[in-house]
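Sequence annotations record features per position, and here Swiss-Prot assigns signal peptide to 1-21 based on sequence analysis. The N-linked glycosylation site annotation in Swiss-Prot covers Asn64. Annotation source Swiss-Prot lists domain 'Peptidase A1' at 79-392, citing sequence analysis. Under the heading active site, Swiss-Prot lists Asp97, Asp283, citing similarity to another entry as support. Residues or ranges marked as disulfide bond by Swiss-Prot: Cys110-Cys117, Cys274-Cys278, Cys316-Cys351.
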Amino acid sequence: MLQSWEFVLLISCFLCFSSDALQRISLKKMPSIRETLQEMGMKVADVLPSLKHRFSYLDEGLHNKTASTILTNFRDTQYYGEISIGTPAQIFKVVFDTGSSNLWVPSHQCSPLYSACVSHNRYDSSESSTYKPKGTKITLTYGQGYIEGFLSQDIVRVADIPITQFFTEAIALPSIPFMYAHFDGVLGMGYPKQAIGGVIPVFDNIMSEKVLSENVFSVYYSRHSESNTGGEIILGGSDPSHYTGDFHYVSTSREGYWHVDLKGVSIENKIALCHDGCTATIDTGTSFISGPASSISVLMETIGATLSRGDYVIDCNQINLLPDISFHLGDMTYSLSSSTYVLKYSDETECTVAFSAIDIPPPRGPLWLLGATFIKQYYIEFDRQNNRIGFATSF
């Protein structure tokens, strides 16, 4: 028979787990690939002439044993969180990417000829007692480069949730751009429809464990640039301390993707682009806001930005004179001030505008990608339960 103190302890532990509700993943902010190149005095276009952009998944062949994906902006993001794989735990820094659905990390079997593998944490299946081989070949392509690997199964722990997960061990990882990346791999937070090789995505496996109070996850990026703490991802809900007001929800516009209808893009409250509507995706895997080349060209010309070595730039002294740029989603308008969408690197007099051009052909495009530049201003809730995305103003 339980003693009274044992009963109280048992109930307390149960309540601790069942207020489950929120499982938190701390995000660290580090220099993006773009910023790393900038610090070295290089531009993206200098080292990646054929790699201006990527876009995720092809609609055909996703469930074949060997399938491919095209990466957008080569995961040029600043925000990474930690997960573990295997028993005992092997730790990896990953990008939580709403634009894809697979988990991949470098493999211990990756040849030392690939310097990008050597410079990152690598998964060693021989060190894990819970590893199970699968072997299915996986290829992820971007521009003229590629990542090659094979599927394995092991225990993956995200926040405090352990799941049995198929993931890709990358054995061919190109030096450019991954040599400049501060993350080890990518954890896709997209829908199963986007998954390469028919793999069940990590978040779907977490949902099947029924440990979350709601089948949602939220993404918060801190606005405080001086802090190394980049924000957090919350599984199972959202944290009111990260936002003000209420969430406003927009239903996803395409089954199986985090796409929403974009009713217009305006400059100083005047609709300038997407008069007849466009499609946008909220992309946690990229830093900039991207759109069709013709639209971005008009937008940049309107604010006086010019193209220089692959990036749009403007005189830093003009930042305070630039107009707000707004995105119309659902019944709401989400505005970005110039201090948000213009980036200043070190002591340069020329500043980078955080917009880039990307032409995605039909049927997947044309498409706007709202990356970290947008997410820093607005706390985002991705709701799998109701197939919708919520937006609230971040603190």
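Think of each number as a place in line: the chain as shown, counted from 1.
From the backbone N, Cα and C atoms, a Cβ is placed for every residue, glycine too.
In sequence order, Pro106, Ser107, Cys110, Ser111, Ala170, Ile171, Leu173 are the residues near Cys117 (disulfide bond), counting only same-chain partners six or more apart with C-beta under 8 A. Looking at Cys110, Cys274, Cys278, Cys316, Cys351, the disulfide-bonded residues in this record, the fewest other C-beta atoms within 10 angstroms of the C-beta turn up around Cys316. The least crowded of the active-site residues Asp97, Asp283, judged by other CB atoms within 10 A of its own CB, is Asp97. Cα-Cα distances to Asp97 (active site) place Asp283 within 10 Å, out of the recorded positions Cys274, Asp283, Cys316, Cys351. Ranking the recorded positions Cys274, Cys278, Asp283 by Cα distance from Cys351 (disulfide bond) puts Asp283 first. Asp283 (active site) sits 19 Å from Cys274 (disulfide bond), taking the C-alpha atoms as the reference points. Mean pLDDT for the domain 'Peptidase A1' (79-392) in this predicted model: 93. The CA atom of Cys274 (disulfide bond) is located 28 Å away from the CA atom of Cys316 (disulfide bond). Cα spacing between Cys278 (disulfide bond) and Cys316 (disulfide bond): 31 Å, rounded to the nearest whole number.
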